[in-house]
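Positions annotated as domain 'G-protein coupled receptors family 1 profile' by TrEMBL: 47-296. Per TrEMBL, transmembrane segment is recorded for 32-57, 69-93, 105-126, 138-161, 203-222, 243-266, 281-299.
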Amino acid sequence: MSGSEPTMSGNQSLCTKFTFVAFSSLAELQPVLFVVFLIVYLFTMCGNLLIICLIWVTPFLHTPMYFFLVNLSILEMCYITSVVPQMLVHLLVETKTISVGGCAAQMYVFAILGLTECCLLAAMAYDRFVAICHPLHYTLLMSPPVCLKLAAVSWITGVVVESAQITWIFTLPFCGTGEIQHFFCDIMPVVKLACVDTSHNEIVIFAISVLFIMSPCFLILCSYLRIIRTILRIPSATGRHKAFSTCSSHILVVSLFYGTALFTYLQPKSAHTPDTDKTTALMYTVVTPALNPVIYTLRNKEVKEAFQRVTHRNPLRQVD
């Protein structure tokens, strides 16, 4: 990749650290925000750990769908941990700074996990497509080696693509006050601090977002179009409801994740404002990871049954 050449303008000095100013106008509310975000963080971590443990100890949940759900839960815990603990610290201190290196590290982790989640959601949609549209070939098409390969490709894609993009971003020189109108090192707020023309960089960032966010989204849409067509051909209402219920949790998670991702990364630069960026960022860094455990426990009969069995200490039995 090639972006703008880092030519300095005037006698501006390079930044060695950044300052977050997202909550600077909410000084009196910061203790309240600390408590709220701490509760949400702990709830998210406990909820995802509960899902992982339930799947681990419940034999009838050892299926491809729940294998991907374990990956998603691990990813969500890492995702929220890359942002929220630092935000909690900054809500308690007056100086909310981060070194350029620390900012780069946070952006690496956050961006890699974000793209990996896009790919994992596409793999989960493919799993539902095979289960509903090709049930007789499900065990062959979604064998353990295939599931491992799909998960590995998701993680490798996230690491390779985002490592290249973030490394490229941090070749830019940053100068000025170093104030980030955000509560963590998101891509566009940091790029705005560069003291060179970043128009070429922004075009490439937008192109990468379109390619690697929309490609999994397109695969998900194609999978569900086929799924819907297959479900509509099922003669009984009970059969249609049962088939759709296996997809409902995934559809909700995809809607939450892609709704905020598309709004954040695919809108033009002119539409970005500090307030909208912060609001949508709170959705995909805090709210969505917290809702995923709720969606997969309250709307999933198998997970609820596994939870009831574990809590009532009943012996596990194989479920058809």
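Every residue, even glycine, has its Cβ placed from backbone N, Cα and C.
Mean pLDDT, taken over the domain 'G-protein coupled receptors family 1 profile' (47-296), works out to 87 on the 0 to 100 scale. Segment contact holds for the transmembrane segment (69-93) and the transmembrane segment (281-299), given three or more CB pairs below 8 angstroms at sequence separation of 6 or more. Among the stretches 105-126, 203-222, 281-299, the one making the largest number of Cβ pairs under 8 Å with the transmembrane segment (243-266) is 281-299. Note on the transmembrane segment (281-299): residues 37, 40-41, 43-44, 47-48, 50-51, 69, 72-73, 76-77, 79-80, 83-84, 110, 114, 182-184, 186, 248-249, 252-253, 256-257, 260-261, 264, 307 of its chain, located 6 or more positions outside it, place their CB under 8 angstroms from a CB of the stretch. Beyond its flanks by at least six residues, the transmembrane segment (138-161) meets 64, 67-68, 71, 111-120, 122-123, 126-127, 130-131, 208, 212 of its own chain at Cβ-Cβ distances under 8 Å.
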